[in-house]
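S.K.: Per TrEMBL, the feature domain 'G-protein coupled receptors family 1 profile' maps to 37-286. The transmembrane segment annotation in TrEMBL covers 20-44, 56-74, 94-116, 136-154, 193-217, 229-249, 269-288.
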Amino acid sequence: NLSTESEFVFVDLSDAPEIRLLLFVLFLLIYLATVAGNITLLVAISTDPHLHSPMYFLLGNLSLLDLLCPTVTVPKMLGALLLEHKRISFSGCLFQHFSLIAAVGTEIFLLTVMAYDRYVAVCHPLRYPSIMSTKLSAQLAAGTWATGLLNSLLHTSLVFTLSFCGPNTIQQYYCDIPPVLALSCSSTRSRELVILVVAGMLGSSACVLTVVSYIFIFLEILARKSPGIWHKAFSTCGSHLTVVCLFYGTTICTYVRPSFTYSPHRDRVVSMLYGMLTPLLNPIIYSLRNKDVKCALKRVISQV
């Protein structure tokens, strides 16, 4: 019952050479902008003393994940568009799958930690330095990475220990759970159930904790009845809340659903949203809505 397929083939994004060239230029520009934006944000956070706080430390981890996620998938897609090299080895597909699921899982848990950080900042501002200490921030960040890696290890082992002995064309531009499961020639129902339950439990618990944090923030704002509290809270939490809605919306549409609802054409569009546009938009959202980040970015760009 070992896999007989030694490689997989990605589906063509377009049959027309001129469309492929146009897509190559478009995706290359998006990828370069994503890399430039997140690296600039990382440099600003690491070099500016005003940004040496738990909030920006967690934001730096988010930028690192936003670098990792497209770097795992986009270069291979660009090669397929330009050179028509659409094949990937079984081990290469496994590594790509593991890295991508690890990045997505870690980001879900990191956004939850960032929501707790915003809760402490709004509801317990005087105790914020003692509660969100440097040590606790580092432990929480390390915990998100460890949980994401363990979650990815489980999902990857469930998917890639199946038998693959039939069609080897992946209806996607990277190795993801739904299109790879669709190629298996063995029964996948029990493993799909385990994947759905584990992903649902972890994702829903992270989502609930995020929602609860913002409920407490909202109640605190209502209790204070201060004229400037709404503006201050929005400037503190607006960026994170926007990123959470964008990330959760696209991720849930891709993963938290049964495989019989899988639609290759629709899912390629959705996966591009969270795989390419979300990492691009995250640093833009934080830089536009945060005065400290804007000042730090201006200093970094002027020095460059």
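Each residue, glycine too, has its Cβ placed from N, Cα and C.
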S.K.: Under a criterion of three or more Cβ pairs within a distance under 8 Å and sequence separation of at least 6, are the transmembrane segment (193-217) and the transmembrane segment (56-74) in contact?
M.R.: no
S.K.: What residues elsewhere in the chain lie close to the transmembrane segment (94-116), defined as a C-beta under 8 angstroms and at least 6 residues from its ends?
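M.R.: Residues 55, 58-59, 61-62, 65, 68-69, 72-73, 76, 88, 140-141, 143-145, 147-149, 151-153, 155-156, 159-160, 174-177, 180, 202-203, 206-207, 209-210, 213-214, 240, 243-244, 247-248, 251, 255, 274-275.
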